[in-house]
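A.B. asks: Quick one: this structure, given as structure tokens, is what I'll be asking you about.
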Amino acid sequence: MENGEIPENANEHCPGPQSESAGKSDACQGCPNQEVCATAPKGPDPDLVAIAERMATVKHKILVLSGKGGVGKSTFSAQLSFALAAKDFQVGLLDIDICGPSIPKMLGLEGQDIHQSNLGWSPVYVESNLGVMSIGFMLPNPDEAVIWRGPRKNGLIKQFLKDVYWGELDFLVVDAPPGTSDEHISIVQFLQATGIDGAIIVTTPQQVSLIDVRKEVSFCKKVGVPVLGVVENMSGLCQHLKDFRFLRMTENGEHTDLTEKVIEYMKEKAPEMLDLIAASEIFDSSGGGAAKMCTEMGVPFLGKVPLDPQLCKAAEEGKSCFSEQKCSISAPALKSIVEKLMAKYWCKEMSVEQ
């Protein structure tokens, strides 16, 4: 337990050997380290000083959170980082989803390794101004499961913060796992003294997702992290009509593909239809969606991002949705959200950019 580190064999939700409740809280019952922690001298964690020194060169720290998995949080983190880097800011993207690291895939960095220098761990770079750090770079086999308890995950997050050399950064985007668990408590605890700009919370429109987002907002308020805003992702499927497939279903459930015939018919009879965008509500938003929840909970609503197959493809290929014209439906929505964040919270950076 050097430097106040949480031992690997500690119970889940361990308060930490430097905590005043070490060895005494309910979480300590039955832990093999209980007696040692209860009698050990208490004091400030020296690693927090090292973290503060590392973070002194980072201007803004943004947490990206979600109440549930599968709502597109990591996709948003990746595209937010791409967007900020495209504005010539120095950007770092830190993936603290220890058990499900998808950021390397979404940034096109699969198979890359972390390198070490006398300054610390070096991030893996997409561009000269966009660096990435993730446990995904440390796994010998990408299919290997990370089966770690809370203390070990928290130890790696601390190591990322104190040992990674980012250099001068305008923005550090932190992609957190879904929920409000050990990783969230740790990242807030480790970064709080250095200043966290706030959290962006990603959700989908239906109530089953918003129920957990309310908990996420409550978590932020309890730990003193400002909510920069909520993004409603997958807000209806939107796609150019000409990109759809048209099928006829037979009585036995088989499909006959009529796409070619339908497109030819439209070209001949109604060519103006080929420029239309078709939209369909995938998730039930009759409860008012994220906008209504934001009004009720007193947090900003940043906007809606449609479910765009081209954005999904960009994420699969590890590309920015802003670099090509293919994401013509989702890119403007994402850009609007980024511009709204810049105007509301980082006006000074906008004036420098201009």
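Using the three backbone atoms N, Cα and C, a Cβ is placed for every residue, glycine included.
Residues annotated as [4Fe-4S] cluster binding site in TrEMBL: Cys14, Cys28, Cys31, Cys37. The ATP binding site annotation in TrEMBL covers Gly67, Lys68, Gly69, Gly70, Val71, Gly72, Lys73, Ser74. For 1-26, the entry in TrEMBL reads region 'Disordered'.
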A.B. asks: Counting other Cβ atoms within 10 Å, pick out the least crowded of the binding-site residues Lys68, Lys73.
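C.D. replies: Lowest Cβ count within 10 Å among the binding-site residues (Lys68, Lys73) is Lys68.
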A.B. asks: Roughly how many Å separate the Cα of Val71 (ATP binding site) from that of Cys28 ([4Fe-4S] cluster binding site), to the nearest whole number?
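C.D. replies: One finds 34 Å between the Cα atoms of these residues.
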A.B. asks: Note down the number of other Cβ atoms within 10 Å of the Cβ of Gly67 (ATP binding site), including every protein chain shown.
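C.D. replies: Total other Cβ atoms inside 10 Å, all chains included: 24.
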A.B. asks: Among the binding-site residues listed here, Gly69, Gly70, Gly72, which has the most company in the form of other Cβ atoms within 10 Å of its Cβ?
C.D. replies: Gly72
A.B. asks: Quick check: which same-chain residues outside Gly67, Lys68, Gly69, Gly70, Val71, Gly72, Lys73, Ser74 lie with their CB within 8 A of the centre of the ATP site CB atoms?
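C.D. replies: Not counting the recorded site residues, we get Ser66, Pro178, Val202, Thr203, Thr204, Ser209, Asn233.
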A.B. asks: Can you give me the Cα-Cα distance between Ser74 (ATP binding site) and Cys31 ([4Fe-4S] cluster binding site) in Å, rounded to a whole number?
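C.D. replies: Cα to Cα, Ser74 (ATP binding site) and Cys31 ([4Fe-4S] cluster binding site) are separated by 35 Å.
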A.B. asks: Looking at the binding-site residues Cys14, Cys31, Cys37, whose Cα is closest in space to that of Gly67 (ATP binding site)?
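C.D. replies: Closest candidate to Gly67 (ATP binding site), judged by Cα separation, is Cys14.
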A.B. asks: For the [4Fe-4S] cluster site given as Cys14, Cys28, Cys31, Cys37, which other residues of the same chain have their Cβ within 8 Å of the site's Cβ centre?
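C.D. replies: Surrounding the site, in chain order, are Ala10, Asn11, Pro15, Pro17, Ala22, Gly23, Ser25, Ala27, Asn33, Gln34.
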A.B. asks: Which one is it, among the binding-site residues Cys14, Cys28, Cys31, Cys37, that lies nearest to Lys73 (ATP binding site) by Cα separation?
C.D. replies: Cys14
A.B. asks: List every residue in the same chain as Cys14 ([4Fe-4S] cluster binding site), at least 6 positions away in sequence, whose Cβ is under 8 Å from its Cβ.
C.D. replies: Ile6, Ala27, Cys28, Cys31, Gly150, Pro151
A.B. asks: Would you mind ranking the binding-site residues Cys31, Cys37, Val71 by how many other Cβ atoms sit within 10 Å of each Cβ and giving me the lowest?
C.D. replies: Cys31
A.B. asks: For the region 'Disordered' (1-26), what are the DSSP-based totals of helix, strand and coil residues?
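C.D. replies: Summed by class, the stretch gives 4 helix, 0 strand, 22 coil.
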A.B. asks: For each of Cys28, Ser74, count the other CB atoms within 10 A of its CB; which of these binding-site residues has the top count?
C.D. replies: Ser74
